[in-house]
């Protein structure tokens, strides 16, 4: 039977394999040289060799960022599906991706800097707008879903208009971000994603047994002493922060928040006490694997969002057939 620590071990093994063989594999002697050089760098301030720079400044941040972003998106997806009692919900329902896309389009078109900052604020403002619209419309699950769909369409149209009017080079930069990419990962990006993961999921992890009760009807939750509106709003704030910070440094990476929670449920059931951590780890593993696929299937470094779609869409279709017994 699959255990949570099995997934954690798989993440570690895959990360080590990517560091060892990613892009261009290193021989045992080269790895010994890298380890010695890195040790002397930290102990004796020795200058890093070119191989050490490749490992420490290119491969390692990319691996760490893939793990953090994958965990944030999949964890957000499983929480969203639980609180909405809908298996087709993902983190981008709140307008996070379209808000971030508009922020990136404005950053590239106007200021040409601070892309991650504007992407984050765009995602957060979109989420707050959806929550405000839902409150006006009565705090129902249906109104929240419809508000997210409407606002996402509107913000995507604005971002598309900006992309249409900018010069081709800037339009291409917007498209690359829209497809999701980890190719320019840095330790600063890793720190941003880690902050989002911590701020979003420490409260959710502590409240996971209460969040479980949101899978019941609101009346049943109230009878058990849970305020479903307040708890659902808190969950949405946590999910918004985690997803917005993840998207701000990686671009829009689809399917993880939708598919991975379903995979985790196959092995761990619907109880969030086990499901939340397993979804975080599975999402981390899946995005790192997708990034490996994106780097190896063609001579070019494809945006990782393409790989997640290629891997995620057929798998989700298989899940649908499996559920219906086809």
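Backbone N, Cα and C atoms are what each Cβ position is placed from, and that goes for glycine too.
The range from 212-232, 275-295 that Swiss-Prot describes as transmembrane segment is residues 275-295. The stretches the transmembrane segment (241-261) and the transmembrane segment (113-133) are in mutual contact, each linked to the other by at least three Cβ pairs under 8 Å (pairs 6 or more apart in sequence). Residues 62, 65-66, 69, 101, 104-105, 108-109, 115, 119, 250-254, 291, 301, 303-306, 308 of the same chain sit 6 or more residues outside the transmembrane segment (164-184) yet have a Cβ under 8 Å from a Cβ within it. Listed by sequence, the residues of this chain that lie at least six past the ends of the transmembrane segment (187-207) yet keep a Cβ under 8 A from its Cβ atoms are 61, 64-65, 68-69, 71-72, 75-76, 79, 116, 231, 234-235, 238-239, 241-246, 248-250, 276-277, 280. Packing against the transmembrane segment (64-84) from elsewhere in the chain are residues 11, 15, 90-91, 93, 141, 144-145, 182, 185, 187, 189-190, 193-194, 196-197, 200-201, 204, 211-212, 214-215, 231-232, 235-236, 238-239, 242-243, 245-246, 249-250, 253, 256-258, 260-261, 264, 270, 272, 275-276, 279-288, 291, 304: each is 6 or more residues past its ends and has a CB under 8 Å from a CB in it. With a cut-off of 8 Å between Cβ atoms, the residues of this chain six or more beyond the transmembrane segment (275-295) that come close are 4, 7-8, 10-11, 14-15, 18, 22-23, 62-63, 66-75, 77-79, 182, 201, 204-205, 208, 253, 256-257, 259-261, 263-265, 267-269, 301-304, 306-308, 310-311.
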